[in-house]
Amino acid sequence: MAKVSVNLGARSYDIHIGANLLEQSGQIIKEGARSENLFLVSNPTVFSLYGAAVIKSCEDSGLKVVATLIPDGEEYKTMGQAEEVIGEAIRRGIDRESLLVALGGGVVGDLAGFVAAVYQRGIDFVQIPTTLLAQVDSSVGGKVAVNHQAGKNMIGAFHQPRTVIVDVHTLASLSEREFAAGMAEVVKYGIILDESFFVFLENRLSDIKDRDEQVMESIVKRCCELKAMVVEEDETERGLRAVLNLGHTFGHAVETLTGYSAYRHGEAVSIGMILACSLARDLGLMGAGEVERVTGMLVELGLPVKLPQLDSRSILNAMYRDKKTRGGKLRLVLPCGIGRAVVRDDIDDELILKVLCNQSQATDAH
Ligand SMILES: NC(=O)c1ccc[n+]([C@@H]2O[C@H](COP(=O)([O-])OP(=O)(O)OC[C@H]3O[C@@H](n4cnc5c(N)ncnc54)[C@H](O)[C@@H]3O)[C@@H](O)[C@H]2O)c1
Ligand SMILES: [Zn+2]
């Protein structure tokens, strides 16, 4: 078992990572709990797979669990659904000392975390992420939110969890597609922050595809260390934290223009990272061989790397509408080789359009 600390003064916490940790979740939760009352939030898919293990472990540790489920799907990450959960918390007598436990992927984690941030002005919560994306990304760092019709994550807060419990055994039940989508975020960490981690991924591709638990434990650990480092430096995304958005401005545009149904988020990020790498290559920040290595790895993992048939100008316009623009300027994360990245807001639109057009042509050619 591995432990990663996130050092944020009074809001510090540990991320526990290992195989079959759900069976010890009660003990881990009890260590930091202020009351024995837990409010477990999950969805039917995850609860049917892992709810019993968590509840048993908690009850064995003397904790009392009240559970509530939200429907499965990003379309339920809404204010309305958060209100339902809050209503249930009130009816079941959840008080300010109670601990909310989020068991599920990023949707459950974001919504339940948001409820924890606002319920009675904020209660403690624990993340038990069960998708790869949630284990390496969304459960760490304290960003919690629900969507609004006008856009994703429009209503939210920064609310750090008390503890994160990652059981890599839960990865076994993920679909191929969900697993690959999570791997896109894993590859992202290597490109922006850690070349030797990227090399490790290249060397262990076959174990990764087999979801070898030891290899996945070390991968999740490294990603959490890297995310913790970034969050410690920049908790509320005023600067450095923005590098975590590599591929995301391009990716969000693809997600928006394809109606959020054609691609999983990680798949769109995969396409977006290749666009960012290609732009970096055109700017002389990255070698052609390095772009090939990134492409090769994403393809091996079963991720898309080419733009769908979309008008380049529409993509650029959608990028400008993304909430990550500042003062009307597009801020792009660009890799400097593998292992380092910069944020730039001075890239000429024409250069971006050229990359988008070339990628579309590449799509035509295949
Ligand atoms: N807060 C952050 O910092 C942050 C960062 C990145 C993404 N996010 C958010 O995360 C969300 C996406 O999360 P996601 O990709 O985990 O999607 P998700 O939560 O919808 O999970 C994907 C699917 O897998 C199922 N599932 C979960 N665990 C499973 C398991 N172990 N076995 C089988 N099926 C399982 C879920 O029920 C769901 O159907 C988005 O809403 C995004 O905005 C937040
Ligand atoms: Zn992402």
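Using the three backbone atoms N, Cα and C, a Cβ is placed for every residue, glycine included.
If you check TrEMBL, you get these features:
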BINDING   72-77, 106-110, 130-131, K143, K152  NAD(+) binding site
BINDING   E185, H248, H265  Zn(2+) binding site
DOMAIN    69-180  domain '3-dehydroquinate synthase N-terminal'
DOMAIN    182-325  domain '3-dehydroquinate synthase C-terminal'
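With all protein chains in the displayed structure included, the most crowded Cβ environment within 10 Å among the binding-site residues D72, G106, V108, E185, H248 is that of V108. Between the C-alpha atoms of Y76 (NAD(+) binding site) and H265 (Zn(2+) binding site), the distance comes to 16 Å. Secondary structure at K152 (NAD(+) binding site), as computed by DSSP, is strand.
Of all the binding-site residues listed here (E185, H248, H265), H265 has the Cα closest to the Cα of D72 (NAD(+) binding site). If you draw a 10 Å sphere around the CB of H265 (Zn(2+) binding site), it holds 22 other CB atoms from the protein chains shown. Taking E74, V108, T131 as the binding-site residues under consideration, the smallest Cα distance to E185 (Zn(2+) binding site) is found for T131. With respect to their backbone Cα atoms, G106 (NAD(+) binding site) and H265 (Zn(2+) binding site) stand 11 Å from each other.
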